[in-house]
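The structure appears below as structure tokens.
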Amino acid sequence: MQDEERYMTLNVQSKKRTSTQTTQLTFKDYSVVLHWYKILLGISGTLNGILALALISLILLVSQGVLLKCQKGSHSNTTEHEDIGDLKMNNGTRRNTSNKDLCVSRSADQTVLCQSEWLKYRGKCYWFSNEMKSWSDSYVYCLERKSHLLIIQDELEMAFIQKNLRQSNYVWMGLNFTSLKMTWTWVDGSPLDPKIFFIKGPAKENSCAAIKESKIYSETCSSVFKWICQY
């Protein structure tokens, strides 16, 4: 009986000792795992930081390359536009086109999509008619095609239009004399900047602007000419 009690006591003590050792091993293993987890987490953070820096550097290099490419092409493009010739403008209004303007226009050219038979230039689309209509009918025609009559903003655009006219006839543009404002006004509501070009002819009610060769003329709006749509 005593031997049996001694055996049971030893057995219980052995189980307690084994349980304690197992618990200690579990805590020890957890500490090791936690230690390596922290190390791996640190390595992962470092790698992510390196990748982020590499990506930023790559973006900067690409941006500098695009800018440099635009700058290199600026001189040749300016010469090309000068060779085209331009419409008659006020004295002293010619200005140099900056590299930034050229780069922006190239970027716009890459994103804009023009319909068939439309010409693309500096982020805009142009359509040159073969028919002849009055100024108001030309205006409506462009609106129906989700566009508007030609609005010229600078000498480069004027040179582009002149290059593509290829005719000596009058062509309507989106400019008319409004009696309400008593000034030449574009179809978008903005007034004509007199520094851009001269308008040859009277500035009076029922007068609309038309391009012919290298000049802008004031003509009666009911006259029938070809026209240019733009969007």
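Every residue, even glycine, has its Cβ placed from backbone N, Cα and C.
Swiss-Prot names the disulfide partner of C142 among C221, C229 as C229. Cα of C229 (disulfide bond) to Cα of N176 (N-linked glycosylation site): a span of 15 Å.
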